[in-house]
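Undergrad: Following this message is one structure expressed as structure tokens.
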Amino acid sequence: MKDENSINFLSSNENYLYDKSENELRPKVFEDFKGQANVKETLSIFIRASKERDEALDHVFLSGPPGLGKTTLASIIAFEMNASIKITSAPAFDKPKDIIGILTGLDEKSVLFIDEIHRLRPIIEEMLCIAMEDYELDWVIGQGANARTVRMPLPKFTLIGATTKPGKVTSPLYARFGITARFELYSEIELVEIIKRNSIILNIEIEEDAAFLLARSSRGTPRIANRLLRRIRDIAQVTGSLVVTSDIVAIGLEMLRIDGEGLDEQDRNILRSLILKFNGGPVGVDTLAISVGETADSLEDFYEPYLIMKGFISRTHRGRKATEFAYLHLNLEMKEDNLNENQRVSF
């Protein structure tokens, strides 16, 4: 069951979850999966225990910012459990028959991965909750006085649900997951390990300091590190460089308008808008998002985690505020009242 055929996409619209360009770089076993040490350690224990009892792994809930490896880890879990996996996302379930067809097609101990699980429709979620707990499905046939309920048994399967918005997952659904894990942004050291591993796969020779420079610009996210590594490979190829040096990386980052802190042009637009349009804040996320042409979801899911981690933005009960570090990074002068306010917040 560990061959490529064990990975099944349920909708062509969901292939972004596992596109071919990323597939070659995805680790297949825990040993090759860098970072998220606590998540790997606990999951390894639970997987081993389940295999020793010859049982399906309990349902797993994965949360965290996008691009950190939730889909990859789901595939590794299936591999370690010697199980097949079906990959999809919540928006693919439009009608009850969609989830019924998928659940009844599962094998014993197989894995169903649902990304963006917070976006499930209520009727689909209700059916899924019953399936997760009782391994049965209630299906209503007919209408009105002739309606009757048919109960269908399901194989013991493992549902892996992933989301970037755990707060939007309802309590009844969340309670069905026996294992929960949160992904955190990766450290530079962890990203360097990922870059070195993937440079070998891509047949790239990269110097140590170049790998660190690339890691520093990857926003703590392996998906971004992989994307940048490919672009740097293009530059090295065109310039005739056999080895990726820090100079090559610097040229590439400048072309992509990524600065030394890993901020791209939109990151800087967010900080400039916060400082110049809203006097450093506080300002609500919806207002800030509109000012830079983003949705509140994209601002919260993609941009904010890194800006907060790097200390450029702080969250308060009144809204987002630019920190002193943000002013310094953009070479903007901080007004005295804002400076005093930031000092009060820091203490």
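Every residue, even glycine, has its Cβ placed from backbone N, Cα and C.
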Undergrad: Swiss-Prot has Leu25, Arg26, Gly67, Lys70, Thr71, Thr72, Glu133, Asp134, Tyr135, Arg176, Tyr186 down as binding ATP; which of Arg48, Arg216, Arg219, Arg223 does it also list for that site?
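TA: Site partner of Leu25, Arg26, Gly67, Lys70, Thr71, Thr72, Glu133, Asp134, Tyr135, Arg176, Tyr186 for ATP, according to Swiss-Prot: Arg223.
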Undergrad: With DSSP helix as H/G/I and strand as E/B, how many residues of the region 'Small ATPAse domain (RuvB-S)' (187-257) fall in helix, strand and coil?
TA: 51 helix, 4 strand, 16 coil
Undergrad: Per DSSP, to which secondary structure element type does Arg320 (DNA binding site) belong, with helix, strand and coil as the options?
TA: strand
Undergrad: Considering all pairs of residues in Leu25, Arg26, Gly67, Lys70, Thr71, Thr72, Glu133, Asp134, Tyr135, Arg176, Tyr186, Arg223, annotated in the record as contacting ATP, what is the maximal C-alpha distance expressed in whole angstrom?
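TA: Spelled out: the longest distance between any two Cα atoms in Leu25, Arg26, Gly67, Lys70, Thr71, Thr72, Glu133, Asp134, Tyr135, Arg176, Tyr186, Arg223 is 37 Å.
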